[in-house]
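J.: Sharing a structure here in structure tokens format.
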Amino acid sequence: MPVDFVGIPAQKADMNQAAFFLYNSATHGREPFRPIDPKHVKIYVCGPTVYDLAHIGNARSMVVFDVLARVLRRLYPRVTYARNITDVDDKINARARESGVSIDEITARTTADFHADMASLGNLPPDIEPRATAHIAEMILLIEKLIAQEHAYETHGEGEGHVLFSVASDPSYGSLSNRSPDELLAGARIDPAPYKKDPGDFVLWKPSADDQPGWDSPWGRGRPGWHIECSAMSWRYLGEDFDIHGGGGDLIFPHHENECAQSRCAFPGSHFAHYWMHSAMLLLDGEKMSKSLGNVLTVRDLLGQADGEAIRLLFLKTHYRGVLDFRYEALKEAGKELDRFYRALQAHPALPDLDETVENPVLEALRDDLNTPQALSLMHGLAYAALGGDALAAAQLKEGGMLMGLFTREAEAWFQRGINPDEIAQRIADRLQARKDRNFAEADRIRNELAEAGILLEDGPSGTTWRRAS
């Protein structure tokens with residue numbers, strides 16, 4: 001039985017008692033999802049720090065929570081999905097110094113790049129996308145609450161202008177990441193500071209030099225710490241308690257642990273997020289991506305080599321809690337799988353209406369902790385049936401794929417992606433003329449040239465048609 005997490009009763013999962021099951025990182029177990037208000041589900045997901053292009057590990061997490069939002073919208077009448085933009089951070093400051101470009105220009109450009117990349121992967125925009133710099137007032141108010149309740153303290157002397165959270169004031173600190181006090185201290189020793197009462201105390205507010213971004217506050221001109229930003233923005237838009245908090249697994253400690261502590265302590269009696277979801281790490285050819293290894297692959301780079309829908313499908317083939325080992329061979333295979341899916345849909349241009357009282361088997365799989373591998377397996381079965389003439393299976397395939405953000409275009413558009421139909425039509429006309437002139441060598445050369453480009457010609461009674469090679 002999973003342990004209780006800060007007063008929230010741990011639930012035993014029973015498929016007969018609940019419609020939707022999630023793995024809750026807070027209780028370290030799979031549980032039935034029971035929203036605070038079944039009429040309005042609220043989600044908060046940690047978004048990007050906008051100093052550089054998103055890499056494929058970032059993108060995987062965003063795809064996971066896009067699918068979550070889509071499924072929740074299918075199951076509940078109203079969903080509010082908030083995902084922040086961190087536009088004040090020391091990494092942004094450093095990038096501005098290195099590049100000689102203003103912070104505003106860097107954050108604006110990188111935010112636009114992020115939006116474009118996410119759209120290319122089929123992600124819908126969140127309902128709310130707050131920027132940290134637009135919520136400094138809420139952060140200051142939250143810090144004042146923590147000081148008033150003796151969960152935070154202002155420093156003087158050497159650390160003048162800092163406000164720190166006191167981890168000793170929160171008996172539940174460490175419960176989210178399931179870390180012992182010794183483990184927490186070991187992490188804190190990486191960057192000790194003499195003005196801390198406890199090595200594990202973390203920054204809520206810090207002073208800014210003249211050349212750094214800063215805002216006036218009761219503690220002098222300064223800027224917020226990383227963790228307080230998300231606490232303030234989730235509070236502003238979702239309230240003291242909300243349903244689901246998501247992010248990458250690398251954020252569990254210290255970011256989510258600290259976020260959770262701040263919010264619980266600022267609002268006594270609240271639970272903050274009732275469910276915590278985390279996507280696992282992504283490896284690149286078996287190795288962890290890192291700048292020191294020089295193997296960080298950005299979404300933008302990958303989109304230059306593959307279609308965004310194929311990248312999305314590849315992400316979904318591994319369960320979100322499983323480590324995904326990204327390999328180019330697997331990406332190519334994902335493209336072929338999409339060919340098959342779209343071929344099945346293309347065979348049924350007019351899809352029948354589905355019986356709303358009969359649940360799509362794909363949705364049934366997604367109810368089980370977003371089991372996307374199982375959902376895709378079922379979709380392959382539906383595609384097989386659709387290719388055999390089953391129009392109902394084709395309709396279920398289309399609906400199931402859209403639940404996962406797939407099939408966002410018509411089949412014809414998928415097969416013609418990256419292709420200029422006018423150029424192909426001209427080459428077909430050239431080949432036809434060569435055949436009329438009995439220049440069969442030239443006709444064969446044109447056919448072979450198109451085949452090498454992935455275009456197959458098919459001669460029939462009504463003329464020559466073409467299709468993309470599977």
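Every residue gets a Cβ built from N, Cα and C, even glycine.
Pasting the relevant annotations from Swiss-Prot:
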BINDING   Cys46, Cys230, His255, Glu259  Zn(2+) binding site
MOTIF     48-58  motif ''HIGH' region'
MOTIF     288-292  motif ''KMSKS' region'
BINDING   Lys291  ATP binding site
J.: Of all the binding-site residues given, Cys46, Cys230, which has the fewest Cβ neighbours within 10 Å once its own Cβ is left out?
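T.: Fewest other Cβ atoms within 10 Å, among the binding-site residues Cys46, Cys230, is found for Cys46.
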J.: Report, as a single number, how many Cβ atoms besides its own are within 10 Å of the Cβ of His255 (Zn(2+) binding site).
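T.: Cβ-Cβ neighbours of His255 (Zn(2+) binding site) within 10 Å number 19.
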J.: Expressed to the nearest Å, what is the distance separating Cys46 (Zn(2+) binding site) and the residue listed as 'ATP binding site' at their Cα atoms?
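T.: Given the Cα positions, Cys46 (Zn(2+) binding site) is 22 Å from the residue listed as 'ATP binding site'.
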J.: Express the distance between the Cα positions of Cys230 (Zn(2+) binding site) and the residue listed as 'ATP binding site' as a whole number of Å.
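T.: Here the two Cα atoms are 26 Å apart.
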J.: Need the DSSP three-state call for Glu259 (Zn(2+) binding site) to compare against my parser.
T.: helix
J.: Hey, does DSSP put Cys230 (Zn(2+) binding site) in a helix, a strand, or just coil?
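T.: DSSP call for Cys230 (Zn(2+) binding site): helix.
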J.: Taking only the residues in the motif ''KMSKS' region' (288-292), give me the average pLDDT of this model.
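T.: Mean pLDDT, the motif ''KMSKS' region' (288-292): 88.
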J.: Would you mind reading off the Cα separation of Lys291 (ATP binding site) from His255 (Zn(2+) binding site), to the nearest angstrom?
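T.: For Lys291 (ATP binding site) versus His255 (Zn(2+) binding site), the Cα atoms are 21 Å apart.
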J.: Can you tell me how the residues of the motif ''KMSKS' region' (288-292) break down into helix, strand and coil by DSSP?
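T.: Its residues divide into 0 helix, 1 strand, 4 coil.
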